[in-house]
Amino acid sequence: MTKLEEHLEGIVNIFHQYSVRKGHFDTLSKGELKQLLTKELANTIKNIKDKAVIDEIFQGLDANQDEQVDFQEFISLVAIALKAAHYHTHKE
């Protein structure tokens, strides 16, 4: 497996590590998303202390408004995080 393929598989594995905890095994509840954000993107969101911001992130990702974030919706967050990481590498 190539390095990129390993990283892609890692993203899928992280999603599933949190999605299986509550409710449907292939979606993230608000609580699961919060846990994922605070543990897996801790440095990216370190300045976000307000619970309302996490709620806004959840609502923004929940495109079909079913109170769950599926993998397709989660990928939107991954894309935003990747853009931020890319931007940050050019600022250093």
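Glycine too: its Cβ is placed from the backbone N, Cα and C atoms.
His90 (Cu cation binding site) falls within a helical segment according to DSSP. Cβ neighbours of His90 (Cu cation binding site) (same chain, under 8 Å, six or more residues apart in sequence): none. The annotation Cu cation binding site is assigned in Swiss-Prot to His16, Asp26, His86, His90.
Feature annotation from Swiss-Prot assigns Zn(2+) binding site to His16, Asp26, His86, His90.
Taken from Swiss-Prot, the feature Ca(2+) 1 binding site applies to Ser19, Lys22, His24, Thr27, Glu32. According to DSSP, Lys22 (Ca(2+) 1 binding site) is assigned to coil rather than to any helix or strand. Applying an 8 A CB threshold to same-chain residues 6+ apart, the list for Lys22 (Ca(2+) 1 binding site) reads Ser29, Gly31, Glu32.
Taken residue by residue with DSSP, Asp62 (Ca(2+) 2 binding site) is part of neither helix nor strand, so it is coil. The annotation Ca(2+) 2 binding site is assigned in Swiss-Prot to Asp62, Asn64, Asp66, Gln68, Glu73 on the grounds of experimental evidence.
Annotation comment: Swiss-Prot describes 13-48 as domain 'EF-hand 1'. Mapped onto DSSP helix, strand and coil, the domain 'EF-hand 1' (13-48) counts 18 helix, 2 strand, 16 coil.
Listed by sequence, the residues of this chain that lie at least six past the ends of the domain 'EF-hand 2' (49-84) yet keep a Cβ under 8 A from its Cβ atoms are 11-12, 15, 19, 23-24, 26-30, 33-34, 37, 41. The domain 'EF-hand 2' annotation in Swiss-Prot covers 49-84.
Considering only the binding-site residues Asp26, Asp66, Gln68, Glu73, Ser19 (Ca(2+) 1 binding site) has Asp26 as its nearest partner by CA-CA distance.
Each residue in Thr27, Leu61, Ala63, Gln65, Glu67, Val69, Asp70 lies on the same chain as Asp62, Asn64, Asp66, Gln68, Glu73 and has a C-beta within 8 Å of the C-beta centroid of that Ca(2+) 2 site, without being one of the site residues. Apart from Ser19, Lys22, His24, Thr27, Glu32, the Ca(2+) 1 site neighbourhood in this chain, defined by C-beta within 8 angstroms of the site C-beta centre, holds Tyr18, Val20, Arg21, Gly23, Phe25, Asp26, Leu28, Ser29, Gln68. When the binding-site residues His16, His24, Thr27, His86 are compared by Cα distance to Asn64 (Ca(2+) 2 binding site), the shortest distance belongs to Thr27.
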